[in-house]
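Participant: One structure, pasted below without further comment.
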Protein chains: 2
Amino acid sequence: MQFSHDLSLKELAGKILTEPSLHMRFLLEDKTRCQQLFYQGGGISLDLSRQHLWEDVINLLLKKANQAGVQEKFAAMMAGKRVNKSENRAALHSAARNPDIPLLVNNQNIARILGDIHEKAFEFSNKVHEKKICGSKGEPFSDVLLLGIGGSRLGTQAVYEALSSRHKNLLPLHFLSTVDPNAFIAQTRKLNPDTTLVLVVSKSFTTREVVDINLSQIRNWLENAGLRASEHIVHITGKGSPGDRISESFCLEVFNIFDFIGGRYSVTSAVGSLPLSLAFGPDVVKKLLAGCREMDIHAARSPADQNLPLLAALCDIWNGDYLGFPAFAMIPYSAPLRYFPAHMQQLYMESLGKSLTITGETLPHDKLAMFCFGDTGTDAQHSFFQMLHQGRALAMDLIGVLQPPPECRQSAEGHKAHEELWTHLLAQADAFALGRSEGRPEQLCSGNRPVSIITLKNLMAEDIGRLLAFLEARTVYAGFLKNLNPFDQFGVENGKLMATELRRNFSKSSFSSTGTTGFYLKALKDGYLTFPNQNGTQDPPM
Amino acid sequence: MQFSHDLSLKELAGKILTEPSLHMRFLLEDKTRCQQLFYQGGGISLDLSRQHLWEDVINLLLKKANQAGVQEKFAAMMAGKRVNKSENRAALHSAARNPDIPLLVNNQNIARILGDIHEKAFEFSNKVHEKKICGSKGEPFSDVLLLGIGGSRLGTQAVYEALSSRHKNLLPLHFLSTVDPNAFIAQTRKLNPDTTLVLVVSKSFTTREVVDINLSQIRNWLENAGLRASEHIVHITGKGSPGDRISESFCLEVFNIFDFIGGRYSVTSAVGSLPLSLAFGPDVVKKLLAGCREMDIHAARSPADQNLPLLAALCDIWNGDYLGFPAFAMIPYSAPLRYFPAHMQQLYMESLGKSLTITGETLPHDKLAMFCFGDTGTDAQHSFFQMLHQGRALAMDLIGVLQPPPECRQSAEGHKAHEELWTHLLAQADAFALGRSEGRPEQLCSGNRPVSIITLKNLMAEDIGRLLAFLEARTVYAGFLKNLNPFDQFGVENGKLMATELRRNFSKSSFSSTGTTGFYLKALKDGYLTFPNQNGTQDPPM
């Protein structure tokens, strides 16, 4: 290749997107390069051949990773060191899937504690499945309603949908997150309170939406049906939280979670292990954890140049910080993975959406982490892909699944559909890389868009675990590479402070407010009908 | 304000984000300015008080709109002129909701033709509801399955979900879009073929996913259940397409759509009017169309300085082209609007995702239209809002609904939940605008993020129609302001060409391929198990 070690990444980046001889259509002709950029590990594959990468670039990036000591930091994280500096905490999501590897923190074996909670969740689930635990009228539970928001809901929902295609669903899960009464009405309309088990997920047990509003409505819903609410409700909450320090009269059982696992990393804690073992049985959850474990070990122990999450994170840094792409899109070519883009969006944007480094420097605007959004292929092709081909460019992750669903083995048509799905994935990867240089002006595409292809073997619980842990490790590595703390989220506090202030205004007859806020408070008070017009007088009803 | 007419927009923009005295916390103190930036029209309100705007800026932007002749272009569009230049077509989605205003194009009254198709859809729906049209075994239809992808599905699904909170659902709609066999399996598993009515939506009737794969599988599914497929299938397709020129032995009925309404603008053509009148009855669809009509008239006739879609489009140009925001997020604080961000993403990114203007100039990189993504509030607050507060910034639309669901009138708790929802919306708007300047370094937020608040009175069909038409008109106005053609989508052709090439390779024993593509084709052929390793030999199964 044209550039070598003595050029810095910044110099290289300046040339890559403008130098015609470095267009991806030439890079893709080099079979050796393509082979080198196809990685396997932790049970998945990662194809970086359609990235603006070749051996020299990779080596420069790896050197940077080495200088930043990211593998040492990753090992420190898994060993229980307080890598979450601003909150002076460890970050131990990986310990939740490694119960047999002792992990001593403050003389406590954290791995064992987490493992025991999983065992308790499995036992509880078995009793529900065996109808030993029933609703207060004695009817077996038919549905599980999870109250939780953000990290207490999104990861579990993504995994639940993903597992539903290959594993038998024993109890359907339903999710209630937002405080919108429309959501409460829609969810309770389709459920029978007599046979509904409610899981309340909140680490602090002070999350306003979940505890003050939705749980309170759900308790009434159960009691209005003549049920003892306490026999239908389970708390998944922090050790010592208001939901933990309660008497038996309030709930059926409490499962603890801990401040050393953040919400967005918590699917493999009790946050996910209880609902998912209720949905699919303990064995499926054990396989999910085993898949995570396989990837955790790969992420921690593989050499940097063969380490898939680290290489993916380096790609993110390369595309975002150097090549200037403001966003990346995650496109699973797999309907059961449809909530993974939203899960990744939270994981990535909440972990890396900061401008202050761990050592207190402010990142310049062009070094801020990328946005992340996405949707399933082939749907996205018929929606926002137009812009990605001809308008503002971004980086992309396409996710493929090698095995078709088992039902396709007996169906030539199903098989054809699976091949068609892969055809689209590969065709888009090429279309983004190669572009189109023949045709009328409005048909041309400049190509040269960076695409990674992540391939899972199947959609079994192990595969989903591998993907989940891969995305977590990649995010953590990207945080370490950017010298950010990927475990805190102080930016969301401001909205909560503002809400506390506003909430007081609802009960006042007059109030001071910012900008147009008073208009809304007045309209809401006056019966939801009128806004002041531009002369400050009342308009007729809108 | 500090700047006046003699400064250009570019000069202004350069100062706005850096000049401390122009921080939004000062702009919001000016009550007159806030009042002036609060607009009502077409049955909704648009609050631009938290945008980087004041009278002088608005006037400069309006001058630009006037120079670009966008209102004349909008009028030309509604009058049936060929505004879609590259395809030499009119763009007449607005004619689909104005049957009584004659619109003559080539001596045909297009409005009447579209109106008659709606009447035919209403009549068909009534017959299904009255059980005069039944499945081939004589059973009344209980479910409707819509096969369609992109614009043939997304808008209808967004409106369907939105209408479900206030209108009685007579027949549930289900959607099958992607070619993934997992999706086909999941949808058919929950449906009874005897009582399922299938709507096939494809203008060309050559959409591979819909016609070649999914329709073919659905025909088999019906026939394997001993049914006459033709009595369960309805085509919604272009006049003269292969799905139109068929005998009665193929389907129950054909509803025509036309090339002068693009997929992403087609919800109010037969694409939406048939499934939605099956779901809710003709009266609800008539109200939806009336809401659209109200906004269409507002968009076409209001003076520029009171024209909500035009003002919103000017904001988009201001934020994207001048202030440099690469994206905007749409956040409905309303669970029933949960698919509107995806609908808007398609509408906006497919319409404006182009770099070539109508007159053949190439837009510079920093003038390309913004990305659009989003999710419902309050969920998004607990997910990606962290980044928006402290990391990479974008522009935002928050959508609120003034009226709580009717169920809340009898429920103090429901009422409290509705107030809490609005509290969060308003608190976030302030948090993004004001930022946080007190606290530890990791708690600080710079604020100054632009936020629009769009308010609907309620979630009745009229309200949804107004919102739908507002988003369409805003997108069209933004296209005209950027001098783009918002009606074509040539960028998606390239992926289709690549797919045609690849599809041929699946049947060959050897093939030439790009980069790593051969690895995947081989792995898929070999039983979905192995990839070559980096030495080119076979790895053990992944």
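Quick reminder: no glycine exception, Cβ is built from N, Cα and C everywhere.
What TrEMBL lists as active site, proton donor is A:GLU350. The active site annotation in TrEMBL covers A:HIS382, A:LYS496.
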Participant: Among the active-site residues listed here, A:HIS382, A:LYS496, whose Cβ has the fewest other Cβ atoms inside 10 Å?
Facilitator: A:LYS496
Participant: Which secondary structure state does DSSP assign to A:LYS496 (active site), in the simple three-class scheme?
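Facilitator: Assignment for A:LYS496 (active site) reads helix.
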Participant: Where A:GLU350 (active site, proton donor) and A:HIS382 (active site) are concerned, what is their Cα separation in Å, rounded?
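Facilitator: Each residue's Cα considered, A:GLU350 (active site, proton donor) and A:HIS382 (active site) end up 29 Å apart.
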Participant: In whole Å, how far does the CA atom of A:HIS382 (active site) lie from that of A:LYS496 (active site)?
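Facilitator: Each residue's Cα considered, A:HIS382 (active site) and A:LYS496 (active site) end up 38 Å apart.
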Participant: Please report the number of other Cβ atoms within 10 Å of the Cβ of A:GLU350 (active site, proton donor).
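Facilitator: Around A:GLU350 (active site, proton donor), other Cβ atoms within 10 Å: 28.
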